Amino acid sequence: NYWNAASFPNASSYLHFSTFQGETSADISFYFKTLTPRGVFLENMGNTDFIKLELKSATEVSFSFDVGNGPVEIVVRSPSPLNDDQWHRVTAERNVKQASLQVDRLPQQIRKAPTEGHTRLELYSQLFVGGAGGQQGFLGCIRSLRMNGVTLDLEERAKVTSGFISGCSGHCTSYGTNCENGGKCIEKYHGYSCDCSNTAYDGTFCNKDVGAFFEEGMWLRYNFQAPAVSAKDAGGRTESSPEQQSLPEDLAREEIGFSFSTTKAPCILLYVSSLTTDFLAVLVKPTGNLQIRYNLGGTREPYNIDVDHRNMANGQPHSVNITRHEKTIILKLDHYPSVSYHLPSSSDTLFNSPKSLFLGKVIETGKIDQEIHKYNTPGFTGCLSRVQFNQIAPLKAALRRTNASAHVHTQGELVESNCGASPLTLSPMSSATDPWHLDHLDSASADFPYNPGQGQAIRNGVNRNSAIIGGVIAVVIFTILCTLVFLIRYMFRHKGTYHTNEAKGAESAESADAAIMNNDPNFTETIDESKKEWLI
């Protein structure tokens, strides 16, 4: 159990277990955190033998033992304090050949065993976790204590020991950063959890996108005003409900974030209406470019932000993050640097009386901006993910049962999908290396792509060296293919034929022997010589 832990409330407290059986081999590991500079982690005694692990100072952990050859001590020194109320891992090992100690990822300290002498660790007392016998005990928390592969149940032993507390507190101090995307770390008895309720994400660490696929004509509406609740349904409560708390607190500021993918334009991605003429819209124009429209009053026409140099309707996931504070608007798209815009000086700074938020299509009564009306048909087709407006996650409220689900109304069936998720795996690009800025190369010195000969970027993205290399590769491949064809033809030229050494004239001779005799004049001479007789 990774979170099996106990808190040591004072320096004299300890837990006891049965004698540690580590005669020839000992493998001990645990985690600790403390604010004190010293204290004994654990100790087991024999007549003269012993084994002990302790925090000797704020930067030193000691592993000492005696198997009858005299005390041996191994110390690991840390460059930073270990009493910082953060979790630190200790691993100590001992066998007949050597002993070692490691703390966190610091270098392991190793001590070789003597070639002669005693090798068995003989222990008789109980194993004490914490200080015993008047020693400076440990003040803090220990968890996941394993000895020779067995996890000691610190939690259960603490329950039956006076003055002890099972589990540890302060997990969020060490692990709170694991809760991502605005998730809140919640302290628990035996660990921690991440509260993702105020985020557009899900999962253990609030890092799982919640998204859906929108078919043509589908839409989602989130009403900022709470639905009417009768006194009977409210149970006589007079305190504010979660629905009433969902209204944006500061209308001079909005934070909007989502990702999407689509291949159809024009369309409306997000629209926020109001009880006045104020509105906010994020849409894709017929050209595939993104446009943000703000109307906060004080101006004749809405203020538009056009991102004309990027096609957002290419079927790829795109990330959009918009932050407005009074008249300053900061826009961040995908992995590109943030860009700041400013509302006209005559524009108001308050988004008055927000009414509803729409995704996919605007279904609103009353007068609607003509540009919005023009792009509203047939509607958005594609994927939307992790949609968030301030502390409101409308898409998540529709797909998960939350306190805000009563605010959501949909047309059509939402199908959950992560097709709109946009993981930002690329590093930010400056305007000098941004390929979308290549239209301004006459006055800029962008270096992507780069031509060493001219010292400037090439508009079509292909340089002379690349063309030469491609030509050489093509010639090499052609030569290899020709060589293979020649070899194959040579190998199979005589396919189906064979040669014999049959003598000429075999067709007209009476027999093969006769053919040989007729054809080879030397053959008769050999026969004549064989007929000669010699008298010795």
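Positions of Cβ are set from backbone N, Cα and C atoms, glycine also.
All TrEMBL annotations are machine predictions without curation.
Quick look at what TrEMBL lists:
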DOMAIN    4-168  domain 'Laminin G'
DISULFID  CYS141-CYS168  disulfide bond
DOMAIN    169-207  domain 'EGF-like'
DOMAIN    231-419  domain 'Laminin G'
TRANSMEM  467-488  transmembrane segment
**Message:** Among all protein chains shown, how many Cβ atoms are found within 10 Å of the Cβ of CYS141 (disulfide bond), not counting that one?
**Reply:** 22
**Request:** Kindly report the helix/strand/coil residue split of the domain 'EGF-like' (169-207) according to DSSP, in that order.
**Result:** 8 helix, 12 strand, 19 coil
**Request:** Please give the average pLDDT for the domain 'Laminin G' (231-419) in this predicted model.
**Result:** 82
